[in-house]
Amino acid sequence: MKCKKPSALFSALALVGALGAASVLGAASANSASPVAAATVQASSGSAKTSVAATSKSQDGDVLAAIVRDLKITKTQAKKRIKLEEKARQLEPRLQKKLGKKFAGLWISKNGKKIVVGVTTKKAAKVVKKAGATPKIVKSNLTTLKKRATKISKNAPSDIKNVNSWWVDPATNKVVIEARSKKAAKAAATAAGLTAGTYEITVSDDVIVPVRDYWGGDALSGCTLAFPVYGGFLTAGHCAVEGKGHILKTEMTGGQIGTVEASQFGDGIDAAWAKNYGDWNGRGRVTHWNGGGGVDIKGSNEAAVGAHMCKSGRTTKWTCGYLLRKDVSVNYGNGHIVTLNETSACALGGDSGGAYVWNDQAQGITSGSNMDTNNCRSFYQPVNTVLNKWKLSLVTSTDVTTSYVQGYQNNCIDVPNSDFTDGKQLQVWNCNGTNAQKVSFHPDGTLRINGKCLDARWAWTHNGTEVQLMNCNGHIAQKFTLNGAGDLVNVHANKCVDVKDWGGQGGKLQLWECSGGANQKWWRR
């Protein structure tokens, strides 16, 4: 499927989903075009860690291949572009702070070869040149442009339903109004007090309606999960319009995965967050739908306009495009106006609530799409806005969490007599809060007690293999996963940690074929 240039009119912009797990199979991805150099650029308000450079090991071959495929560029071009994008990300907040009211936006050029910064004075242009970017002298600063765009929302005319969206375009230094007629666009501009020369009009026949797979009382299994946060996860607000207390289910098991704590659809936001249900715990990773692989998430630093952008969703899976513009006010109808970022990545029904990623940085939550795989345009809710709004913290792949692992007869995994010597077989014991029971979950998949790793003795894989404590050595026999079903699985043996002979206190731990028995069920406390 080939996407046209994003300057072409897009059709049937719509919401794209109802909640579901990120492991549900979906349709093939589609291609995306080069970006329009237009957007409002903001410094990231999140507290995420600095992203790695373009050559980061986390940018694995599968992810790079998707960028090459969807953006139709070579591998060498992709690597060069990613390096430039990282430079733009670092420059953006620094220049915005240094230039203040002289700053009028930052974006990456259409050819992906230079960083362009809008400024209002020649003196500011010299600062931009010194920083290694290309200045463009314009009339209005970014603050002024944003105020003009905001006036459209505050002074909407009676026929606002015929206005699809509006945004700031720093490349032209104007506000762009997209509507189904010039008359509707002019009415919006007039109501906002915008004068000729300060705005542009784009005419489109779009009918913007909610089209997600949602019916009253259904399981919302048609959406996608975005990012884990501490204590829960994020998804789209229109996937949880029932609000606080609504139960969300996962298509991995068909069972409950979370309970909505807060949601908002309209008044600028399309997001929801739910508390984890039962034994479910999120990891700082996003699937890219290629053989079960994924991308480690290390923060939420915002990418610059013109940067590549990839999306993970249950329907179109892993698709990539460009970040076209920021702070687009999208009118979904029925009073639902949301401020989103626009990309040329493809998204369809069921992708709502999914994750947008730039390199190893979380960017946003899938909200809407034009539902046209021949002219891909999609919109996401910036994740930092949501994290700040509800005071949430993103779970990242670099985090280490410590807890007690409880199981059969409510006993905890335990090192006998706090003897941390190599080769000590682990047991279950009455939970007592000692260091012998504190298990740390590490990003590399190891589980550690007192700095040593849980280990399958001699890397054996047969039933009855002892689970012991050993110095960490990087072998796959020391990697475990605790899934939502409560199975603690050794990755090497693909067998479950099991309490031998269904023993009580002092029962030894071994690996055994997963059976679903109570002596193989574990949870963190």
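Cβ atoms are placed via backbone N, Cα and C, with glycine included.
The signal peptide annotation in Swiss-Prot covers 1-32.
Per Swiss-Prot, disulfide bond is recorded for CYS223-CYS239 (among others), and the stated evidence type is sequence analysis. In the three-state DSSP scheme, CYS239 (disulfide bond) falls into the helix class.
Taken from Swiss-Prot, the feature active site, charge relay system applies to HIS238 (among others), supported by similarity to another entry.
Positions annotated as active site, charge relay system by Swiss-Prot, on the basis of similarity to another entry: ASP270 (among others). For the recorded site, ASP270 (active site, charge relay system), the DSSP three-state label reads strand. In sequence order, ALA236, GLY237, HIS238, GLN264, VAL338, LEU340, ILE365, SER367, GLY368, GLN381 constitute the residues six or more apart from ASP270 (active site, charge relay system) in its chain with CB-CB distances below 8 Å.
In this structure, CYS310 (disulfide bond) is part of a beta strand by DSSP. Under the heading disulfide bond, Swiss-Prot lists CYS310-CYS320 (among others).
Secondary structure at CYS346 (disulfide bond), as computed by DSSP, is coil. What Swiss-Prot lists as disulfide bond is CYS346-CYS376 (among others).
Annotation source Swiss-Prot lists active site, charge relay system at SER352 (among others). Annotation note: SER352 (active site, charge relay system) sits in a coil segment as assigned by DSSP.
Taken from Swiss-Prot, the feature domain 'Ricin B-type lectin' applies to 396-525. In the predicted structure, the domain 'Ricin B-type lectin' (396-525) carries a mean pLDDT of 92.
Residues annotated as region 'Essential for the lytic activity, but not for protease function' in Swiss-Prot: 401-525.
Residues or ranges marked as disulfide bond in Swiss-Prot: CYS412-CYS431 (among others). Same-chain residues at least 6 positions away in sequence with a Cβ under 8 Å from that of CYS431 (disulfide bond) are, in sequence order, TYR404, GLN406, ASN410, ASN411, CYS412, GLN437, ARG525.
Residues annotated as disulfide bond in Swiss-Prot: CYS453-CYS472 (among others). Long-range Cβ contacts of CYS453 (disulfide bond) within its own chain (separation 6+, distance under 8 Å): THR446, LEU447, LEU469, MET470, ASN471, CYS472, ASN473, GLN478.
For CYS496 (disulfide bond), the count of additional Cβ atoms within 10 Å of its Cβ stands at 24 [all protein chains shown]. The disulfide bond annotation in Swiss-Prot covers CYS496-CYS514 (among others) and rests on sequence analysis.
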Can you tell me the CA-to-CA distance separating CYS376 (disulfide bond) and CYS320 (disulfide bond), as a whole number of Å? 10
Across the domain 'Ricin B-type lectin' (396-525), what are the DSSP residue counts per state (helix, strand, coil)? 21 helix, 54 strand, 55 coil
Residue among the disulfide-bonded residues CYS239, CYS320 whose Cβ has the most other Cβ atoms within 10 Å: CYS239
From the Cα of CYS223 (disulfide bond) across to the Cα of CYS514 (disulfide bond), what is the distance in angstrom? 30
Give the residue from the disulfide-bonded residues CYS223, CYS376, CYS412 that has the most other Cβ atoms within 10 Å of its Cβ, counting over every protein chain displayed. CYS223
Around CYS346 (disulfide bond), how many other C-beta atoms are within 10 angstroms of its C-beta? 33
Can you tell me how far the Cα of CYS223 (disulfide bond) sits from the Cα of CYS310 (disulfide bond), in Å? 17
